[in-house]
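Reviewing the structure listed below.
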Amino acid sequence: MPDGAAPILEVRDLAAVYRTRDAVVHAVNGVSFTLGRGEVLGLVGESGAGKSAAMLALLGLLPARSASVVGGQVLFDGDDLLRATPERLRRLRGSEFGYVFQDPATSLNPVLSIGHQLAEPLRVHRGLSRRAARAGAAELLALVGIPDPKRRLEQYPHQFSGGQRQRVMIAMALACKPRVLIADEPTTALDVTVQAQILELLRDLRRQLGMAVIWITHDLGVIAGIADRVIVMYAGRIVEQAPVRALFADPRHPYTRALLAALPRPDGPREARLRAIPGQPPRLETLTGDCPFRPRCARAFDRCAGPRPELRPVGPEHRAACHLVPDPAETAHA
Amino acid sequence: MTEPLPAIPPRRRGGRGAVAARFAAHRGAVAGLLVLAAIVALTLFGPLLHRIDPQYLDYLDRNQGMSWKHPLGTDNLGRDLLAQVLSGGRVSLAVGTSAMLLGLALGTLVGVLAGFVRWLDGPLMRLVDLFLALPLLPLLLVVIMLFRDSLRAAFGPETGIFLLIVFVIGVTSWMQTARIVRGEVLALREQEYVLAARAIGTRPRRIVTRHILPNVLSPIVVSAALGVANAILLESALSFLGLGFPSDFPTWGRLLFDGVNFMSLHPTRVIWPGLAISLTVLSVNYIGDGLRDAMDPRGDLPPIAGGARRNRRGRLGVLLATRRNGRRVLQGKGE
Ligand SMILES: Nc1ncnc2c1ncn2[C@@H]1O[C@H](COP(=O)(O)OP(=O)(O)OP(=O)(O)O)[C@@H](O)[C@H]1O
Ligand code: SF4
Ligand SMILES: [Mg+2]
């Protein structure tokens with residue numbers, strides 16, 4: 001770390017697979033990054049890049065029947081979460097780690113009241129009584145800006161709008177003031193005004209609680225507004241990581257460039273997002289040894305047929321995995 | 001096909017009151033509850049009003065039709081059929097309910113364990129297969145032969161045989177429930193809200209009791225309705241084979257089978273006990289239906305095609321399935 005502060009979370013070579021009936025899907029293939037205290041780290045990449053899989057893997061939340069972590073380390077407070085007992089992981093989840101899921105429509109149990117679900121983390125981790133947890137739940141609802149919290153606590157998820165459910169999910173994740181919040185596309189299902197409100201809310205909370213945030217999104221516009229640093233994932237790997245300004249000012253990986261080129265201009269149509277890159281991401285069942293972006297890369301050259309490029313430094317805290325970036329080992333030789 | 005939609009009740013607050021209110025809004029369920037309550041009340045208090053001893057043999061009044069003295073007529077030994085149906089109902093209902101509860105508890109436990117604990121899944125499902133493959137009636141015969149006398153000695157003839165019958169029926173009728181529950185649990189545990197519960201550190205046991213079981217309730221309720229009916233029928237089959245309750249201790253099934261030989265001459269002898277069984281099963285099914293809808297808080301909204309109500313299986317279908325199962329059991333007797 002540049003300022004000498006120890007990171008709160010350090011992920012090394014994380015790898016995870018999904019097993020389907022007849023294939024192994026290599027969803028996460030050696031992801032390494034650090035997360036500083038109070039830092040907001042943006043995680044972007046196309047659908048299927050392995051963003052959710054990586055985050056689920058690091059908290060042991062992958063479905064046990066169909067997926068497994070196949071390697072790596074996740075260092076938090078000096079221990080490796082991948083080797084922690086289920087009980088220790090359970091204690092960390094919800095208290096030190098908050099997780100906001102991608103889909104607010106299905107992340108709340110339809111048959112339990114909102115109050116019950118919001119009180120759950122308080123009861124589990126704080127051991128609060130039913131009554132105290134309920135009071136806490138009301139405060140949380142107020143915190144995420146839902147009016148008339150006492151009455152709303154009695155209601156069920158179907159009586160909340162999509163945006164309100166998303167806020168409830170955020171409130172649940174924040175209930176125990178976690179040190180790390182993982183937010184998996186917390187705003188995609190929302191309309192623009194609600195998105196802006198939630199972004200504002202999280203900015204506030206981050207200031208107040210000093211928590212670190214990993215923010216997964218498709219929307220580079222959101223990243224520009226909130227993140228300190230950005231990780232770009234492609235086919236289960238990090239292809240570029242950089243401070244947010246450097247990434248927007250000087251993207252080095254052709255994939256990142258394509259993403260940025262696909263960004264809507266203020267005067268352009270709003271809907272042009274990541275989908276605008278031609279071609280398909282590679283099949284994760286059968287990954288080859290060369291650069292995974294090669295079939296879609298406009299700047300591919302002869303070396304790209306060779307072994308896959310590793311992440312190489314291109315600037316302060318800025319690294320990219322592309323043969324266009326000079327290999328420091330080779331330049332040292334020359 | 002489509003029934004007229006019930007009037008949309010106003011939105012209500014959550015909690016137990018809301019469940020009761022939604023149940024009350026379900027006309028079929030309320031009717032079922034009333035009928036079942038009437039049946040239970042009749043079997044409990046009827047004998048106090050209709051004071052003929054069901055075992056009294058009135059040779060002069062054999063094979064009577066309906067009359068003031070014998071509202072449902074008499075059998076070939078001159079016993080009063082109404083008195084027999086009333087007292088038989090107590091035993092049948094008690095056996096049906098207890099055996100159903102036992103089977104349901106076993107089935108739910110096995111189903112949840114198999115669905116939730118990965119390494120138990122294989123062994124438990126093989127156990128289910130094993131129980132399903134067992135020839136039921138011969139097994140029951142052996143078990144009853146082996147234990148009847150010792151249980152009789154220990155608890156007295158009636159309690160002993162009651163415990164034995166409830167036990168054998170319960171222990172041989174949990175497999176379907178276990179399969180259904182396991183399937184639901186497997187589907188539910190992949191639900192995002194179960195993942196979300198894990199992500200806030202909820203204990204596994206609490207996930208089962210708070211997130212899985214309430215959502216498995218509707219199939220469990222349906223199995224319960226089927227279970228009562230099957231237990232009543234199975235008990236009948238056993239009684240018929242002379243392995244159930246003693247012959248001077250009537251149950252609905254026993255009456256039905258005693259009446260079968262006289263069916264062409266005196267059809268009422270099978271109609272009344274049969275009607276009692278059918279009404280009970282039907283009302284239990286309606287109640288189950290209402291409970292299932294009432295426990296789903298989305299019931300506040302107007303019914304949506306499919307969706308929350310996809311489980312609604314025609315009551316007639318349930319009943320027919322029950323009959324089919326019953327017949328299968330009964331046909332086993334001839335072999
Ligand atoms: N249950 C599963 N079984 C098999 N493969 C899966 C499963 N879940 C995800 N995958 C595969 O794993 C890869 C990574 O999925 P992941 O959900 O992490 O993508 P993502 O980057 O979060 O995408 P999105 O932006 O759409 O959420 C995808 O190729 C996906 O097809
Ligand atoms: S390594 Fe080659 S193919 Fe891959 S992104 Fe860089 S230029 Fe394109
Ligand atoms: Mg995702």
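Cβ coordinates come from backbone N, Cα and C, glycine included.
Feature annotation from TrEMBL assigns domain 'ABC transmembrane type-1' to B:89-288.
Same-chain residues lying 6 or more positions outside the transmembrane segment (B:29-49) and placing a CB less than 8 Å from one of its CB atoms are 23, 82-83, 86-87, 89-90, 93, 276, 279-280, 282-287, 289-291, 293-294. Marked as transmembrane segment by TrEMBL: B:29-49 (among others).
Annotated transmembrane segment per TrEMBL: B:99-120 (among others), in sequence order.
Annotation comment: TrEMBL describes B:127-147 (among others) as transmembrane segment.
Residues 91, 94-95, 98-108, 110-112, 114-115, 124, 128, 131-132, 134, 136, 139-140, 143-144, 147-148, 151-153, 216, 219-220, 223, 226-227, 230-231, 234-235, 238, 244-246 of the same chain lie 6+ residues outside the transmembrane segment (B:159-181) yet bring a C-beta within less than 8 angstroms of a C-beta in it. Per TrEMBL, transmembrane segment is recorded for B:159-181 (among others).
The transmembrane segment feature in TrEMBL is assigned to B:212-233 (among others).
TrEMBL lists B:270-288 (among others) with the feature transmembrane segment. Same-chain residues lying 6 or more positions outside the transmembrane segment (B:270-288) and placing a CB less than 8 Å from one of its CB atoms are 28-29, 31-33, 35-36, 39, 72, 81-82, 85, 88-89, 92-93, 96, 221-222, 224-225, 228-229, 232-233, 252-253, 255-256, 259-260, 263, 315, 318-319, 322.
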